[in-house]
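Before I ask anything, here is the structure I am working with.
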Amino acid sequence: MTHPLFRHAEFYTTVNRLQDLPQTAGVEVAFAGRSNAGKSSAINTLVGRERFAFVSKTPGRTQHINFFQLGEERFMVDLPGYGYAQVPLAIRQHWGHLLSSYLQTRQSLYGMILIMDIRHPLTKLDLQMLDWFRQTKKPVHVLLTKADKLSKSRALVALNEVRQFLTVNYPHCTVQTFSSLKVAGVEEASQLLQNWFDTGHASVQQENGEISEQKKTPAKGD
């Protein structure tokens with residue numbers, strides 16, 4: 001059963017340049033991952049719609065930053081998949097600039113869901129994404145997708161190895177297994193996202209309240 005968070009999910013906008021990013025006052029959670037790691041499938045599974053985010057057998061198909069609205073001032077942000085060598089160098093460089101700039105400077109971004117294929121986790125580019133995001137001190141949650149491709153015992157070993165690595169090197173990260181095929185790990189991921197959006201939304205409201213109070217307070221000497 002789809003989590004209530006995603007009940008009214010809908011496409012919002014797509015951009016390919018930083019200057020075109022929407023001027024939202026809400027909370028954003030980014031979904032990032034290596035091409036063909038199962039990012040679009042994970043989004044579709046969470047939302048409960050097969051073609052909500054386009055799934056392609058061709059890696060690197062997501063070429064823009066796609067915004068999906070989950071309700072008032074809450075957005076899932078689907079970032080371009082990285083690491084597909086067949087994409088021309090100029091486009092890969094553009095994506096790199098787009099991704100790093102968005103992740104490091106977007107004020108409304110609360111956290112990142114990082115998608116990794118459980119059979120090939122912690123690639124060089126995955127670590128680069130973690131390094132880009134580390135300086136923001138914002139939370140990261142790793143979904144080890146395609147867990148159905150491994151036996152339960154091997155999946156557990158992979159999970160523990162990744163968790164141990166992240167605990168030592170990226171303590172702001174959490175991790176879980178996930179399978180779109182078996183619809184496994186959906187409840188855990190959905191609840192985490194709900195908590196992130198709730199916490200982020202409360203922070204935004206508090207900041208807006210403080211700004212309003214500052215405007216109401218007369219300057220000394222008035």
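Positions of Cβ are set from backbone N, Cα and C atoms, glycine also.
Copied straight from Swiss-Prot:
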DOMAIN    25-199  domain 'EngB-type G'
BINDING   33-40, 60-64, 78-81, 145-148, 178-180  GTP binding site
BINDING   SER40, THR62  Mg(2+) binding site
Cβ neighbours within 10 Å, counted over all protein chains: which one of the binding-site residues GLY33, PRO80 has the most?
GLY33
Between HIS64 (GTP binding site) and SER40 (Mg(2+) binding site), what is the CA-CA distance rounded to a whole number of Å?
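With distance taken Cα to Cα, SER40 (Mg(2+) binding site) is 13 Å from HIS64 (GTP binding site).
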Ranked by the number of other Cβ atoms within 10 Å of their own Cβ, which of the binding-site residues ASN36, SER40 ranks first?
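By the 10 Å Cβ neighbour count, SER40 comes out on top.
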Just jot down the residues in the same chain as LYS146 (GTP binding site), at least 6 apart in sequence, with C-beta under 8 A of its C-beta; none if empty.
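In sequence order, the residues whose Cβ lies under 8 Å from that of LYS146 (GTP binding site) (at least 6 apart) are ALA37, GLY38, ASP117, ILE118, ARG119, SER179, SER180, LEU181.
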Write down the Cα-Cα distance for SER40 (Mg(2+) binding site) and PHE178 (GTP binding site), rounded and given in Å.
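Their Cα atoms are separated by 13 Å.
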Taking the Cβ of each of the binding-site residues and counting other Cβ atoms inside 10 Å, which one has the highest number: LYS39, HIS64?
LYS39
Taking the Cβ of PHE178 (GTP binding site) as the centre, count every other Cβ atom within 10 Å, in any protein chain shown.
28
On the 0 to 100 pLDDT scale, where does the domain 'EngB-type G' (25-199) sit on average?
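Result for the domain 'EngB-type G' (25-199): average pLDDT 91.
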